[in-house]
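Engineer: So Swiss-Prot lists the following for this protein:
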DOMAIN    187-239  domain 'HAMP'
DOMAIN    247-467  domain 'Histidine kinase'
MOD_RES   His250  phosphohistidine
REGION    468-515  region 'Disordered'
TOPO_DOM  1-24  topological domain 'Cytoplasmic'
TOPO_DOM  46-165  topological domain 'Extracellular'
TOPO_DOM  187-515  topological domain 'Cytoplasmic'
TRANSMEM  25-45  transmembrane segment
TRANSMEM  166-186  transmembrane segment
Amino acid sequence: MTLPPQPSRLKPPRNTSSLSLRWRVMLLAMSMVAMVVVLMSVAVYAVVSRALYDDIDNQLHSRARLLIESGSLAADPGKAIEGTAYSDVNAMLVNPGRSIYTANQQGQTLPLGEAEKDVISGELLLSLRTANHQRILAVHLTNGSSLLISKSLAPTGQVLGRLGTVLLIVGGVGVAVAAIAGGMVARAGLRPVGRLTQAAERVARTDDLRPIPVFGSDELARLTEAFNMMLRALTESRERQARLVSDAGHELRTPLTSLRTNVELLMASQAPGAPRLPEEEMAGLRADVIAQIEELSTLVGDLVDLTRDEAGGVVYETVDMAEVVDRSLERVRRRRNDIEFDVNVVGWQVYGDAAGLARAVLNLLDNAAKWSPPGGRVGVRLTQTDPVHAELVVSDQGPGIPEAERRLVFERFYRSTAARAMPGSGLGLAIVKQVVLKHGGALRVEDTVPGGNPPGTSFYVMLPGRPLTPGGNGTAPVPAAQFDPDMRSAGSRADRRVIKNTETNGKSRSASKEL
């Protein structure tokens, strides 16, 4: 018997405070100061109160000691007790014969309780307690008499009351000052956050991406610097987007205009009563239309590749570069069967975007084939340079690239004066650069034959990865985070690919010689 599924318990959303950060900082400072003030006030009140009560006890003991040691209680007890009336204490002397001598302050009487009675009866020698707002000391003397002295606590209570009032006022002022200071500190400290907020709102409303001034070197200053970096990145992104749209529009306009002209001419020639164009011209127009459509398709495909890489969401997998080179060579050979390809490729695996790597290699080979003269040779070499890097070199025997233009050839839509007469979108090498950098590689351009005529062009692409050993599955140690762990039988596949490239190479050489 299966139980029905239990409904999932959703956690209630957390309550978020509606108070601003400034108010929260101020309230926090005020609360902390209030807590400290309360603790300090309680401590001060307790210490002062204890000191005052100890002082009263000391006074009572001193008076009793003075009366006892002076001998006046034995000589003239009545006079001795009456003399205390001129001080601030109440006194009583109880003799064994039950004669009692008292002297009280105006409006006061010395209270007698169980403790005092025990002292008078001799059960206790000393008693000290508080009763009826008085501090009472009872002492049993050696002659059997008992001396009782008390002091009013009213003056002490007044002092403690004034102390409590002062502490309350001082504490309240301290809390108020803490609240004001906390508000000022929060306002000053959060001023950079306010500037960041205003800048973010300004960016959301307008296209104003001006950086924010940075003051100091604290955490808020670093936050401002990070925000400025984000603004600069956003500015560059918008500039690249605007430049891409502008360049794409310009590049699309030319083939579209030519295509429209040719289509309109073909339509006009087919209109009733219109003069017929010669068949040769019609065939030329149709060929131009097909070529222009292919040019548009290539341009749109390159744009899609660029935007796909920038948008992200690419699936990474283990890519065998030997297979990528092999497939790219097959496509290029179909377009240029009049040139020779000299291929030397080792087994090498890269963890990355398979489609992007294939497009980058194809663009390099297409570029080399496009600039190679009939009967020329294109070199393709993939060699391992260190345990975790391999270098792909694509060389041609073309006119070469001037040193001043070598950095520009990787820019979008850049085409040199010599390249404008050749087919292409100006995006191929830009895609190569984007793919290589995305995979943590590097690339450079050099002459194939420095000082030669023609010098040719060689593209060097460095890619991180790991090798495949021919005839086995051993591999060099590489960081595990970069690659898939399952690499079984990889070496044998690499061996077969190298043989296949060599055989195909031989066929291309013989074919080129026959041509």
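Placement of Cβ uses the backbone N, Cα and C atoms for every residue, glycine included.
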Engineer: By a Cβ-Cβ criterion of under 8 Å, what residues six or more beyond either terminus of the transmembrane segment (25-45) are in contact with it?
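Structural biologist: Answer is 19, 160, 163-164, 167-168, 170-171, 174-175, 177-179, 181-183, 185-186, 189-190.
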Engineer: Calculate the per-residue pLDDT averaged over the topological domain 'Extracellular' (46-165) and state the result as an integer.
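Structural biologist: Here the predicted model's pLDDT, averaged over the topological domain 'Extracellular' (46-165), is 84.
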Engineer: Sort the residues of the topological domain 'Extracellular' (46-165) into helix, strand and coil with DSSP and give the three counts.
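Structural biologist: The counts are 59 helix, 30 strand, 31 coil.
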